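Annotated features in Swiss-Prot:
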type    : residues       : note
MOD_RES : SER2           : N-acetylserine
DOMAIN  : 136-297        : domain 'CRAL-TRIO'
BINDING : TYR180, GLU202 : 11-cis-retinal binding site
Amino acid sequence: MSDGVGTFRMVPEEEQELRAQLEQLTTKDHGPVFGPCSQLPRHTLQKAKDELNEKEETREEAVRELQELVQAQAASGEELALAVAERVQARDSAFLLRFIRARKFDVGRAYELLKGYVNFRLQYPELFDSLSMEALRCTIEAGYPGVLSSRDKYGRVVMLFNIENWHCEEVTFDEILQAYCFILEKLLENEETQINGFCIVENFKGFTMQQAAGLRPSDLKKMVDMLQDSFPARFKAIHFIHQPWYFTTTYNVVKPFLKNKLLQRVFVHGDDLDGFFQEIDENILPADFGGTLPKYDGKVVAEQLFGPRAEVENTAL
């Protein structure tokens with residue numbers, strides 16, 4: 001009987017402790033949602049190493065490889081490749097690192113994500129061109145979408161959408177997607193968010209048949225396209241709560257557009273929120289999402305994103 005042959009490496013004690021800590025984190029173990037990340041927590045660096053294949057000594061090399069790949073592809077003269085090179089030209093290495101992290105330090109896949117990022121903007125210019133900062137602010141103040149001021153226990157940014165009071169005549173679907181895109185772009189400047197990702201909570205309490213009938217398949221596809229391969233973001237979970245029976249019709253329109261990876265991260269809870277609260281702590285959720293905090297106030301988040309109202313100018317992106 002021959003001895004089994006294998007390889008192993010000794011895991012440093014500090015690394016073992018950090019991995020153990022990752023299993024017991026609370027919402028208080030993470031940095032702020034808004035603004036830059038001054039210093040990544042040690043357990044988040046360990047998470048980046050374990051989940052994203054990130055090593056401090058290979059970051060610069062990966063960025064350089066992506067820069068070279070962008071130029072090499074642009075040399076082919078292909079239209080999208082040229083658009084990617086133009087988009088990247090004025091951006092720093094921190095911008096490229098977002099894409100590398102989102103694709104676990106696979107430079108080839110990071111480039112494909114860059115192409116998706118640029119193509120989404122070319123495909124849907126109405127979400128990006130000549131936007132009014134004042135209009136964006138008003139949409140975000142109305143809570144479309146919302147953002148929790150605390151990360152969840154996994155360090156993810158939690159985005160909220162409460163459909164009950166939404167009237168498409170007052171706030172259009174495109175205006176909501178414009179706000180989503182603006183928020184994603186802003187919050188992805190934070191390295192902790194790049195590593196830990198996002199979680200989306202959709203509250204469908206009060207969702208009417210009239211609202212369901214007004215949702216066009218083209219709009220729903222645009223929303224799904226935003227979530228898939230168009231941002232250097234890790235969308236880790238999408239939770240639907242309090243949905244009525246006819247929500248199934250809307251969801252069945254969306255499902256064919258979802259890739260299997262994202263589909264597996266969709267959770268439909270109905271009115272039984274026990275499983276939902278195991279993932280998202282009640283003490284960080286507003287009352288209108290079943291939590292213990294006061295009702296969501298979009299003006300607080302808008303001030304974090306835009307500053308005090310007196311300092312805001314009506315300018316274009």
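Glycine is treated like the rest: Cβ placed from N, Cα and C.
Source: prediction; values computed, not measured.
When pLDDT is averaged over the domain 'CRAL-TRIO' (136-297), the result is 95. Counting only same-chain residues at least 6 apart in sequence, those with a Cβ under 8 Å from the Cβ of GLU202 (11-cis-retinal binding site) are PHE161, ILE163, ILE238, HIS239, PHE240, ILE241.
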